[in-house]
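Participant: Quick paste of what Swiss-Prot says about this protein:
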type	residues	note
BINDING	G825, V826, S827, G828, A829, G830, K831, T832	ATP binding site
DOMAIN	112-368	domain 'ABC transporter 1'
DOMAIN	789-1032	domain 'ABC transporter 2'
CARBOHYD	N292	N-linked glycosylation site
CARBOHYD	N684	N-linked glycosylation site
CARBOHYD	N1019	N-linked glycosylation site
REGION	1-26	region 'Disordered'
TRANSMEM	476-496	transmembrane segment
TRANSMEM	511-531	transmembrane segment
TRANSMEM	557-577	transmembrane segment
TRANSMEM	586-606	transmembrane segment
TRANSMEM	620-640	transmembrane segment
TRANSMEM	707-727	transmembrane segment
TRANSMEM	1133-1153	transmembrane segment
TRANSMEM	1213-1233	transmembrane segment
TRANSMEM	1249-1269	transmembrane segment
TRANSMEM	1278-1298	transmembrane segment
TRANSMEM	1305-1325	transmembrane segment
TRANSMEM	1400-1420	transmembrane segment
Amino acid sequence: MAPAIDSTVNDLQPNTPNPEKALSSQAQAFVRAYSEDGDSGGQSVLGAEDPLSPLNPRGERFNARAWAKNLAAVTRERGEGFRQVGISFQNVNVFGYGTPTDFQKNVGNVWLALPAMIRQLFAPKGGQTRIDILNHFNGLVRPGEMCVVLGPPGSGCSTFLKTISGHTSGLHVNPDAHFNYQGLSAKEMITAHRGDCIYTAEVDVHFPMLTVGETLTFAARARSQQHLPEGISRNNYCDQLRDVIMAMYGIRHTIHTKVGDDFVRGVSGGERKRVSVAEATLANAPFQCWDNSTRGLDSANAIEFCRTLRLQSEIFGQTCVVSMYQAPQTAYDLFDKVLLIYEGRQIYFGSTSKAKDYFVNLGFECPARQTTPDFLTSITFPAERIPRPDCQPPRTPDEFSQVWKNSLECKALQDEINEYNMEHPINGPDADTFRQLKQASQAQGQKVTSPFTLTYSQQVKLCMWRGWARFKADPWPAVWVMVGNTIMALIMSSLFYNMGQDTNSFYGRSVVLFMAILFNAFSSILEVMTLYAQRPIVEKQSRYAFYHPSAEAYASVLVDMPMKITSTISFNLVFYFMTNLNRAPGNFFFYLLVVFLIVLAMSGVFRFIGSLSRTEQQAMVPASVLMLALLIFTGFVVPVDYMLPWCRWINYVNPVAYGYEALMVNEFHGREFTCSTYIPEYANATSGTGACSVVGATPGNLFWRNVGIIIAMVIFNYLMYFIASEYVTAKKSRGEILVFRRGHTPSIPAKGSGDLEKLESGHATTVLERSDPSMVHKGEGFQGSVSVFHWNNVCYDLEIKGKPRRILDNVDGWIKPGTLTALMGVSGAGKTTLLDCLANRRVGVGIVTGEMLVDGKVCDQSFQRKTGYAQQQDLHLETSTVREALTFSAFLRQPHSIPKADKLTYVEEVIKLLAMQDYADAVVGVIGEGLNVEQRKRLTLGVELVAKPPLLLFVDEPTSGLDSQTSWAVLDLLEKLSKAGQSILCTIHQPSAMLFQRFDRLLFLAEGGKPVYFGEIGNDSSTLIDYFERNGAKPCLPGSNPAEWMLEAVGAAPSISSEGDWPEIWRSSPEYQSVHHELARLKAVDIDQLSADKPDPTSYNEFAAPLWQQLVVVTQRAFLQSWRSPSYIYSKITLCIATSLFIGLVFFNAPLSIQGLQNQMFAIFEVMSIVGQLVDQQMPNFLTQRSLYEVRERPAKTYSWMVFMLSQIVTELPWSTLASVFMWALFYYPIGFHKNAQAAGQGTERGALMWLLFWQFLVWVSTFTHMCISFVDSADDGGNIANFLFVLAFFFCGVLASPSQMPRFWIFLYRASPLSYWVSAVLSTGFANVQVTCTDKEYTAFDPPKGSTCGEYMAEYISRAGGYVKDPQATESCGYCTIKDTNVFLAAVSSDYDTRWRNFGILWVYIGFNIAAALALYWIARMPKGKKRL
């Protein structure tokens, strides 16, 4: 709220509405009493701790107006004031470049968009149409005034708000447009004073794990002024501001409740919306733009929101511009001015009290009971406006615009604007005053040209406070990381437990150090993903000028530091000492320092990648290739001397390589080891005639040089991360355009005007009259209800934090065929919960009691598929078209006995009924690139209608987010359906009087789910009004909205208290007795009819379609979904190609030497490292379809859970097959495996088997992913499980440690690891039965005894140990190679060529296990097991 005394400004200006007139006498008395009693100004601001004080926001008698007036008085007493910003704008034209439609990209046609993308690089506007959005706008909003912006979606409301608030990314404003922000230019306002001119979008993004109190405390501390009265600490003052705002918006009770989101349980949707509003209010901007911020609020809370803005404007002189799609009359009357937009044209700007008369004088009629805002927006709908017969009013947007420009009102507005501009010239005295007052409110040392209140260091401290709060709210991930690290350290170190002090441990020690550096380096890779979740929040708060994005980045690094230290210690302390590395204290702490620096260096790298890329898909491939490069060029997999020249530079820039080198020196420098194996191992061998079988090394001491280099890399990486986080923003939407399947794009002319973000809304807002009304009334093809659904004493109990809580309390009612029943209630009354319980969607969650009967019968297992439930969230598969979504529902939900042709015909009838012909082949898409809000609502209804629900239709919030005319159209549809015999129960938030009148009956709930009324509404709501007035409600005045009046009567708004116990009044009323008599009659009549019923046995089946048909239809849709997700498919294929190609080139043409064989083995080892990335790519796609299935399709009994799981698994097979071809070709041939096969005379068989193994590997990864994600909620949890299991399989596959080297205890893990069999099969297929030729460095050199040749001297040893001598006839400098053929090498890693096909078969068993486990785990963890219904 503006109290945010971040502003210290001049007194209210003469043109500001006088707050004295607005204050009630009671509030003035409060102010005088408590201002005089306060010891100081500061204490009077805080209002003491008296619970009865109207200035105490924690008290029951808190009065917001008194508090605000008191604050204003205290501020003036100190010689200060409040910053104020008005705005005048002249000749504003806004346009953009885009396309009204686009074709849907899929795997096959995505390349067709490449020329356009190239053209865009060189000519950004090429191939795009100029779209005029706003045309010639002029207006003036003075400080302390409120302006409401009205217009249908797509008219330009959002663009107007963004333009005047300076958020014009993707938009173009004409150069000669003039803006005057009370003496400040637009450029200065947008750059230097961004936080004083904010735009609040309608989306709610918050950190879900923070409480409401913490979220709002952060906002208050980020923007509150720095200079306060003596005796008040800044934190106490910010807490006071927070409490005041929470009390104003009625969310004081949620202070300790998590905000939550779609995955984290928290406050309700309406409360979350109020948290967003409260946060923006605490931003304390003197100029505020609110874009449809009342969406999701009931009318009482929407009015309360506007009253709060009115209070800010009156007391503190703040300027508010608000767009509202459904504005209650009471809210409209709180505004000073109104702007009406018609397809991008300004057709009125002026006083709210004169707007109605302006259009009436033009020749339009305002129907009785229609509110002024509804009348004004109806002017923009030809089908809704009512011209008088004796007039010729304007018809087109251009005509309306021209009439406005020629009007006396427009001329008066221009004169007022010119006068304002003369009073407040750009860079005049007002601008200087504003800058001085802003400087006074900023922290010491902050520049006035900075939009931020706090200094950079203060921003970092505040973000650290929030980061620590986030950690405390959810510490378990960090705890599990430490536990997991300790477990992994125990397992991995036990592989090399207590290594000896001899040369046999050399390889083991190098592997141990490699594993340590690898584990620590990549422990931060998940930080790439966490950045995307918080990016929308950081960008929003940066727009509010809370902090620099880089300050949040810096703070997150510091907050994560303790966790990084503890996780590093938890792993390395166990790992270091169990493996018996150098136990000298200095060496241990040096090791700990190096691995910690590597953790920081790689954290900076991954964070930089995440900040640099706009989407997760963009980050995945480069992160994977980077991981691969760092891993290969560490110096272990490929020794430095064996690195190819073209890629040697990677080793120089690799921090992991410097760390590994430092650890190797730290481990071996200055130590002596006993030689374990001499060559030849003869009893009479001397030092001259034998040698130790270990490769030598070059002495050196690179301890601190490498540490210095790593520290420099840490600093550089984090610096790049901070820069990227500051300047790289998330991917922006292209604007709301329709996307069609290629070949189905209709010829839609460009509008030439409209809102770029909502470009196609105008096309979609087709009135329902376009469909043939006779189709519904005649009942042609449409099936209505024939049964009565009734319920009695329904209760719903839930356990929250260990305490029982009743959500619904003895609710009664019925729905009869042909009736439209409204379900209303105060915010949080349990409206959606009641729908869920009645629709049997709360199975397994809480306890439902009471009777729910259909024609006197208890609901059977077919009840859910016989009812339609149009949910508030418009959940649809993004890649499906409208027609496909409807066809899918018809095929699986209509009875199997109905012919396919009849189902398709009915789909077309529903498309006509819902007037969706223009976009029937449009893709659902996402908001911004696909259907708009209204089109999604219609599709949601359509999906339920094509199912032909024989019982009833539940509709949850069908008008949420829609403008009044579109809401009318939706209610028109529901009314037509009810007249055709359909039974409908519909929840609704903000009905106008005319909208409310269209319902037949009302079920009204109070807080706690207690019924307040159930019965007829009556003509002009007479029955309802009579009931409430008869029981003590104040009279409903003529012309007022009965729905709003009813909500106020029961105390729905935070500032309104109910004078009576309405639930108790209802239970004592004769109407309540009549309801129970009718319920008893319905039950008795239905029981009498039971014997006459002869239902079809198939009607009791759980699903309408047989299992085989479900599998075919669902699999087909799942495949289409993947086919139409080219970003996923090409990311998967690109990852496989890039990985194989990179490995193939790094190990290009590997020789058949000892090191060459090791390189080939490690090439196979590196290929397996992409499992984590493939898992991360696949999981989000699965979760998208699972969310749709579990939220909408499973409760509707559309198809079986087993069909869902199997369809997801089958769909991945074609793409795994395709990727395996590229992966095999780019791996098998560059490395040279084909040469090995040809040398062994088995080229065809080995090549084919190698491809089968690669294909099998990708299939295994796919099924492994499904197993890990099937039963958990999020991709993070599934990824952690998959990562843990994969690491075990990865390290125990026999590459890093052969089975003979493993402790006996861990042999079972080697045998249990599926990768053991895959690696064995690939190794043996890759280079079995081939001769080995050692390089010069690989020969062990020694001299034979005098008189002997090398061959003679080594004959006995070779017969026992194998190998060969380089030159058997030599008499000196014998060169001995320990391996003669590749089979010896394979035997050392327990790989046998004869078991290749056996291993191939065993891996299929693992794949089968993955599938079975995925099905079992899904059923156990996610399928409701029973009905908690009594």
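Any Cβ shown, glycine's included, is placed from N, Cα and C.
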Participant: Reduced to three states, what secondary structure does DSSP give V826 (ATP binding site)?
Facilitator: coil
Participant: Let me spell it out: take the transmembrane segment (1249-1269), skip the flanking residues so only those 6+ beyond its ends count, and list any with a Cβ under 8 Å from a Cβ in it.
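Facilitator: Same-chain contacts beyond the flanks: 1136, 1167-1168, 1171, 1174-1175, 1178-1179, 1182-1183, 1205, 1208-1209, 1212-1213, 1216-1217, 1219-1221, 1223-1224, 1227-1228, 1233, 1275, 1278-1279, 1281-1282, 1285-1286, 1314, 1318, 1321-1322, 1325-1326, 1396-1397, 1400, 1403-1404, 1406-1407, 1410-1411, 1413-1414, 1417.
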Participant: Hey, which bits of the same chain come close to the transmembrane segment (1305-1325), Cβ under 8 Å, at least six residues off its ends?
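Facilitator: Contacts with the transmembrane segment (1305-1325): 491, 494-495, 1161, 1164-1165, 1168, 1233, 1237, 1246, 1249-1250, 1253, 1256-1257, 1260, 1288-1290, 1292-1295, 1299, 1386, 1389-1393, 1395-1396, 1399-1400, 1402-1403, 1406.
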Participant: In terms of Cβ proximity under 8 Å, which residues at least six beyond the ends of the transmembrane segment (586-606) contact it?
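Facilitator: Residues 516-517, 520-525, 527-528, 557, 560, 564-565, 568-569, 572, 576, 623, 626, 630, 655-656, 659, 662-663, 666-667, 703, 706-707, 710-711, 713-714, 716-718, 720-721.
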Participant: Tally Cβ pairs under 8 Å between the transmembrane segment (511-531) and each listed stretch (476-496, 557-577, 1133-1153), then give the stretch with the top tally.
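Facilitator: The listed stretch sharing the most Cβ pairs with the transmembrane segment (511-531) is 557-577.
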Participant: Measuring Cα to Cα, how far is G828 (ATP binding site) from N292 (N-linked glycosylation site) in Å?
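Facilitator: Pair distance, Cα basis, whole Å: 21 Å.
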Participant: Over the span of the domain 'ABC transporter 2' (789-1032), how high is the average pLDDT in this prediction?
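Facilitator: Overall, the domain 'ABC transporter 2' (789-1032) comes to a mean pLDDT of 86.
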Participant: What does the structure give for the C-alpha distance between N292 (N-linked glycosylation site) and G825 (ATP binding site)? Integer Å is fine.
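Facilitator: Computed Cα spacing between N292 (N-linked glycosylation site) and G825 (ATP binding site) is 21 Å.
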Participant: Mind pulling out the one from 1213-1233, 1278-1298, 1400-1420 with the most Cβ pairs under 8 angstroms to the transmembrane segment (1133-1153)?
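Facilitator: The stretch with the most contacts is 1213-1233.
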Participant: Among the recorded positions listed here (N292, S827, T832, N1019), identify the one with the smallest other-Cβ count within 10 Å.
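Facilitator: Taking N292, S827, T832, N1019 as the recorded positions, the minimal 10 Å Cβ count falls on N1019.
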Participant: Please report how many Å separate the Cα atom of G830 (ATP binding site) from that of N1019 (N-linked glycosylation site), as a whole number.
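Facilitator: Given the Cα positions, G830 (ATP binding site) is 27 Å from N1019 (N-linked glycosylation site).
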Participant: Around the C-beta of V826 (ATP binding site), how many further C-beta atoms are within 10 angstroms, looking at every protein chain?
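Facilitator: Looking across every protein chain shown, the total is 23.
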Participant: Report the residues of the chain - excluding G825, V826, S827, G828, A829, G830, K831, T832 - with C-beta within 8 Å of the mean position of the site's C-beta atoms, for the recorded ATP site, in sequence order.
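Facilitator: In sequence order, the nearby non-listed residues are T833, L1005, E1007, G1009.
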Participant: Distance check, please: Cα of T832 (ATP binding site) against Cα of N1019 (N-linked glycosylation site), rounded to an integer number of angstrom.
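Facilitator: If we compare the Cα positions of T832 (ATP binding site) and N1019 (N-linked glycosylation site), the gap is 27 Å.
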Participant: Run through the Cβ atoms and count how many others sit within 10 Å of the one on G828 (ATP binding site).
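Facilitator: G828 (ATP binding site): 22 neighbouring Cβ atoms within 10 Å.
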Participant: Sorted by position, what residues of the same chain at least six away from K831 (ATP binding site) have a C-beta under 8 A from it?
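Facilitator: Sequence-distant Cβ neighbours: L823, M824, G825, D956, T987, L1005.
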